[in-house]
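**Student:** Below: one structure in structure tokens.
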Amino acid sequence: MDSSSRPSLHLVPTISPTVSAPTSTTNLLPTASTSSFSPPSQHKQPLSSNMSANQSSPPSSKGDRCRETTPEREVGMESDQVLRPKCEKSTSDVEKGEHRPNCDLSPVALVWPPWKRRDGLSGWMGDTVSANALVWSLIIQAFSTGILDATTYLDFSTFASNQTGNTILLTVAAVKMSGHLLLLTGVSLGSFLGAALVLGHLGHLFGVRRRAWLLGNVFFQLVCLTIATIFLSPNGPSATRLGGDHEWSIIMLFALMSGGQVAAARQASIAEIPTAPMTSSYVDLVSDKYLFVGFNHPHAGARNRRVGYIAAMITGSFIGGVMHKYAGSWVVVVVAMGFKLGVVGMMCLAPPEPRKEKQ
């Protein structure tokens, strides 16, 4: 084969304007089947022809780096492992040596009832509940906290969840040498901190927004309220009724319940709804940069959550005081238990976060 039949080494390939931009690493390498060789004189094209060739192919957007190729999936039904859309790296990423696809997770739909899921009840219990899905359940818990705190203060002159006030009452009782108030306030503060300590660290162990842990925490609160209702009822033990020798056990149960509730609320990544303290919420609300914007403003979410929380606490306290006056303490606790059961239902139906793809 003579030299005239072979292309010169200094020749460069020319790509037809009709050929689309390469989408993979292999397409970046010119081959004999995709490139045509011509003498050097043919490559000296006018500027207008080059511009028309570039305009004929649609420009690639730098921001559109990924193309979603998988449809919306349900947890435990379509796929148990991969819930992330498959992405293809664009040509610009390959040329720059970048290998990080910029893709969002697919939206996840909740499968109900959970035993119909492919991963079964265990997969449903292992879901990480979305933080936004917990907003209303926390507001309802704040409402029940207002109901109970109104009752506990009227009955015991101390609080079950407002430990700022209890700290002041504890020091005042110590100065005045008031043994009964010192006992009740000390039991409330110690029980609250003990429950927050134990349940807070258990939350870190099991997952602070794991569905199983959230339901277990609320179940613990229901157990405390159930025992307190029995102690307060007219048919309960005489020693644990109001004015009895062991009435401190009631405030202890209320404080244990509040400690577990506040610990879970603080770990739920919703700082605007702590479900118990009010001072910081008042200050955060009035100093909010977007305090006077509309309800549907893009930056009004935190302000709206604070308003909902404060309104729930005030309304619950008012209703708790009225119920305590006309129905009695144990009826107030039963009503609070009803709201807790509603929280259980909301957590059962709360949508989970998308599962991350296993590497």
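Using the three backbone atoms N, Cα and C, a Cβ is placed for every residue, glycine included.
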**Student:** In TrEMBL, one of 271-288, 307-324 is tagged transmembrane segment. Which stretch would that be?
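**Tutor:** It is 307-324 that TrEMBL describes as transmembrane segment.
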**Student:** Cβ pairs under 8 Å only, please: of the recorded stretches 181-200, 212-233, 248-265, 330-350, which one is richest in them relative to the transmembrane segment (307-324)?
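**Tutor:** Between the stretches 181-200, 212-233, 248-265, 330-350, 330-350 has the largest tally.
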**Student:** Sort out the residues at least 6 away from either end of the transmembrane segment (181-200), same chain, that have Cβ-Cβ distances under 8 Å to it, and list them.
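**Tutor:** Hits for the transmembrane segment (181-200): 156-161, 163, 166-167, 169-170, 173-174, 217, 220, 248, 251-252, 254-260, 262-264, 266-267.
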**Student:** In the same chain, which residue numbers or ranges, 6 or more beyond the ends of the transmembrane segment (330-350), come under 8 angstroms Cβ to Cβ?
**Tutor:** 110, 112, 129-130, 133-134, 136-137, 140-141, 143-144, 147-148, 150-151, 211, 214-215, 218-219, 221-222, 225-226, 228-229, 232-234, 320, 323-324
